[in-house]
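Feature list (source: Swiss-Prot):
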ACT_SITE  Glu124  active site, proton acceptor
ACT_SITE  Cys378  active site, S-methylcysteine intermediate
BINDING   Cys144, Cys148, Cys151  [4Fe-4S] cluster binding site
BINDING   Gly199, Glu200, Ser233, Ser256, Leu257, His258, Asn335  S-adenosyl-L-methionine binding site
COMPBIAS  12-21  compositional bias 'Low complexity'
DISULFID  Cys137-Cys378  disulfide bond
REGION    1-33  region 'Disordered'
Amino acid sequence: MTTPLDTPTREPLPLAPAGPGKLVMSAPRRGKPPRHFVDLEPAERGPAMVELGEKAFRGKQLATQWFERLEDDPARMTDLPAASRTRIAEALLPTLLTPIRTLTADGGTTIKSLYRLHDGALVESVLMRYKNRDTICISSQAGCGMNCPFCATGQAGLTRNLSTAEIVEQVTAASRALARDEVPGGPGRVSNVVFMGMGEALANYKSAVAAVRRLVSPAPDGLGISARGVTMSTVGLVPAIDKFAQEGIAATLALSLHAPDDELRDELVPINQRWKVGEALDAARRYFEATGRRVSIEYALIKDINDQAWRADRLGKLLNARGRGWVHVNPIPLNPTPGSKWTASDPAVERAFVAALENRGIPTTVRDTRGSDIDGACGQLAAIGPEQPRA
């Protein structure tokens with residue numbers, strides 16, 4: 001039975017318990033990761049070499065090896081003095097991510113990597129090869145403090161923030177695998193980076209934004225990825241969105257909305273209790289005005305919870321009230337998570353939801369979900385170690 005667009009009903013909300021985490025904005029204090037060359041701003045690299053007794057220009061040489069040539073073996077960095085390589089590596093190239101498990105799907109073109117950090121914390125990233133691009137979904141925190149009840153990461157709670165280098169190294173590790181032809185499809189290089197893995201990136205603002213700068217800065221200062229290929233996802237930290245808009249980077253902003261009404265979003269996305277739907281959308285519009293980059297609205301479709309056509313219509317009205325041509329909606333079929341009783345919307349309901357948005361003139365594309373069979377899709381990253389049983 002369908003509900004007319006103009007007669008919304010109040011459904012009971014069979015929401016999951018809050019789980020182990022509450023809404024956490026500040027990461028727990030833990031020992032800092034060792035300083036890595038990637039943590040240094042370009043202007044700091046020469047002085048760091050001088051501290052080691054080397055010439056300042058060695059900083060640029062090391063940057064060329066790391067970012068441009070994707071070299072991680074000091075023995076092959078032949079433009080650095082052989083007698084200095086070990087000392088430089090020990091001081092500036094500590095191991096940050098230790099791979100402990102790799103799972104593949106889609107004929108080997110979707111790869112989920114589980115890494116152990118220096119303190120035992122676990123994070124995951126997912127590399128996805130498409131015909132015209134190579135995209136990696138990366139983590140900005142170990143765990144997440146946003147406590148969204150339909151997301152495996154949010155239910156795990158927040159362990160700690162990642163450093164700039166820990167974030168970037170997920171990308172360089174994937175780029176090395178592509179460059180060395182270790183992934184089906186021939187040699188390649190990461191072209192797109194989405195901050196949609198574990199964590200709320202804007203809650204780890206300093207490290208996440210510094211990581212974006214390393215990604216988009218031309219080699220040898222960084223990896224030289226186009227800012228258009230970088231997507232910063234957020235549940236709606238309004239002050240941080242406004243701050244990011246002024247960074248001069250012009251990456252794509254993705255707002256994880258999941259409901260157009262405060263009553264439901266308060267439950268699905270607890271940060272909404274601090275910044276309401278209207279405030280988040282206003283900030284997203286300001287981001288568009290500051291950067292010229294069209295904003296993506298992410299909307300996980302949950303059966304009988306938020307997938308009603310009238311909610312799509314309400315969302316369309318809210319977006320159009322803030323102008324035309326500034327936004328695109330990505331409905332996402334809900335991916336299953338361990339212990340969750342929620343499921344994805346029926347295909348007919350999904351089509352009706354999309355049609356309601358399109359009837360309001362809102363560009364809408366259902367997200368191509370990959371990696372769900374290896375718990376590598378949106379909302380599924382939980383960094384379960386090899387020794388931990390799956391639910």
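Including glycine, each Cβ sits where the backbone N, Cα and C put it.
Taking the features listed in Swiss-Prot, we show where each one sits on the structure.
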{"residue": "Glu124", "record": "active site, proton acceptor", "DSSP (3 states)": "strand"}
{"residue": "Cys137", "record": "disulfide bond", "DSSP (3 states)": "strand"}
{"residue": "Cys148", "record": "[4Fe-4S] cluster binding site", "DSSP (3 states)": "coil"}
{"residue": "Gly199", "record": "S-adenosyl-L-methionine binding site", "DSSP (3 states)": "coil"}
{"residue": "Ser233", "record": "S-adenosyl-L-methionine binding site", "DSSP (3 states)": "strand"}
{"residue": "Ser256", "record": "S-adenosyl-L-methionine binding site", "DSSP (3 states)": "strand"}
{"residue": "Asn335", "record": "S-adenosyl-L-methionine binding site", "DSSP (3 states)": "coil"}
Of Cys137, Cys144, Cys148, Cys151, i.e. the recorded positions, those within 10 Å of Gly199 (S-adenosyl-L-methionine binding site) when Cα atoms are compared: Cys144
The one of Cys148, Cys151 whose CB sees the fewest other CB atoms within 10 Å, among these binding-site residues: Cys148
Nearest of the recorded positions (Glu124, Cys137, Cys144, Cys151) to Asn335 (S-adenosyl-L-methionine binding site) - Cα to Cα: Cys151
Rounded distance in angstrom between the Cα atoms of Cys137 (disulfide bond) and Glu124 (active site, proton acceptor): 9
Site of maximum Cβ density within 10 Å, from binding-site residues Ser233, Ser256: Ser256
Cys151 ([4Fe-4S] cluster binding site): nearby recorded positions from Glu124, Ser256, Leu257, His258, Cα cut-off 10 Å: none
Distance from Cys144 ([4Fe-4S] cluster binding site) back to the residue listed as 'active site, proton acceptor', taken between C-alpha atoms, in Å: 12
C-alpha spacing of Cys148 ([4Fe-4S] cluster binding site) relative to Ser256 (S-adenosyl-L-methionine binding site), in angstrom: 11
Greatest C-beta neighbour count within 10 angstroms, which of the recorded positions Glu124, Glu200: Glu200
Cys148 ([4Fe-4S] cluster binding site) versus Leu257 (S-adenosyl-L-methionine binding site) - Cα distance in angstrom: 11
Among Gly199, Glu200, Ser233, Ser256, Leu257, His258, Asn335, the record's S-adenosyl-L-methionine binders - longest CA distance, Å: 19
